[in-house]
Amino acid sequence: MPRSFLVRKPSDPNRKPNYSELQDSNPEFTFQQPYDQAHLLAAIPPPEILNPTASLPMLIWDSVLAPQAQPIAWASLRLQESPRVAELTSLSDEDSGKGSQPPSPPSPAPSSFSSTSVSSLEAEAYAAFPGLGQVPKQLAQLSEAKDLQARKAFNCKYCNKEYLSLGALKMHIRSHTLPCVCGTCGKAFSRPWLLQGHVRTHTGEKPFSCPHCSRAFADRSNLRAHLQTHSDVKKYQCQACARTFSRMSLLHKHQESGCSGCPR
């Protein structure tokens with residue numbers, strides 16, 4: 001340890017310490033070289049300090065508990081283990097490798113969490129939290145309600161049709177009630193766009209015209225059907241005369257006209 005740590009700091013901050021005086025005033029920190037045997041013997045502490053139990057009186061623990069604490073009888077443990085060792089070593093060389101069955105696997109240790117302990121823990125949890133038992137019941141009721149709603153069918157009161165959604169049933173009921181009525185002729189329709197196409201037949205408006213010819217139509221669906229007549233692909237064929245048509249309606253009209261098997 002440096003000697004600067006052993007110096008006492010002066011009280012006056014302006015005063016500078018004199019280290020030479022401090023060395024003369026503390027002669028016990030100076031040792032003579034080389035050390036002789038007398039100095040070494042004086043530095044060794046007495047036996048009372050090295051072994052305090054020899055000089056201190058017996059404590060309460062030593063007088064009361066120490067006689068009860070006896071060393072472990074290792075010999076008795078060895079004697080208890082010796083029959084097992086003798087039993088294992090008593091097998092002869094013939095039995096050790098011929099006709100001996102393999103040792104059975106060790107039985108599993110009994111689980112500390114048995115069914116009774118689990119049930120008791122659940123009972124304690126339900127007793128501590130009364131609302132805990134209602135949560136599974138509420139979930140079960142919600143699942144049952146969803147299943148009933150999924151299985152529930154909406155029946156039409158005008159016919160025997162059934163629908164899984166209420167919106168689909170309402171759209172179907174419009175086909176019975178026909179709420180869209182024409183103001184000119186009184187004809188009713190289930191959809192407003194159907195009524196709009198019908199009104200054009202009274203006004204003569206035909207906003208949908210064919211780009212290939214001069215024909216025009218009041219409804220877009222009629223224009224779409226007319227465009228198939230301009231197509232090169234005619235997939236509807238008459239089996240009697242092998243004529244092809246672009247629309248199924250034209251094929252039916254051809255068959256109703258009395259096809260004799262030859263083109264006219």
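Including glycine, each Cβ sits where the backbone N, Cα and C put it.
As written in Swiss-Prot, here are the features:
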- K98: ubiquitin cross-link (CROSSLNK)
- K137: ubiquitin cross-link (CROSSLNK)
- K146: ubiquitin cross-link (CROSSLNK)
- S11: phosphoserine (MOD_RES)
- S82: phosphoserine (MOD_RES)
- S92: phosphoserine (MOD_RES)
- S96: phosphoserine (MOD_RES)
- S100: phosphoserine (MOD_RES)
- S104: phosphoserine (MOD_RES)
- S107: phosphoserine (MOD_RES)
- S111: phosphoserine (MOD_RES)
- S115: phosphoserine (MOD_RES)
- S119: phosphoserine (MOD_RES)
- S246: phosphoserine (MOD_RES)
- 1-20: region 'SNAG domain' (REGION)
- 2-7: region 'Required and sufficient for interaction with KDM1A' (REGION)
- 120-151: region 'Required for FBXL14-triggered degradation' (REGION)
- 95-100: motif 'Destruction motif' (MOTIF)
- 154-176: zinc finger (ZN_FING)
- 178-202: zinc finger (ZN_FING)
- 208-230: zinc finger (ZN_FING)
- 236-259: zinc finger (ZN_FING)
Other parts of the chain folded back onto the zinc finger (208-230), taken as Cβ under 8 Å at six or more residues beyond its ends: 197, 200-201, 246-247, 249-250
Helix, strand and coil totals (DSSP H, G, I; E, B; other) for the zinc finger (236-259): 9 helix, 4 strand, 11 coil
Counts by DSSP class (helix H/G/I, strand E/B, coil) across the zinc finger (178-202): 11 helix, 4 strand, 10 coil
Residues from the same chain, set at least six apart from the ends of the zinc finger (236-259), whose C-beta lies under 8 A from its own: 225, 228-229
Helix, strand and coil totals (DSSP H, G, I; E, B; other) for the zinc finger (154-176): 11 helix, 4 strand, 8 coil
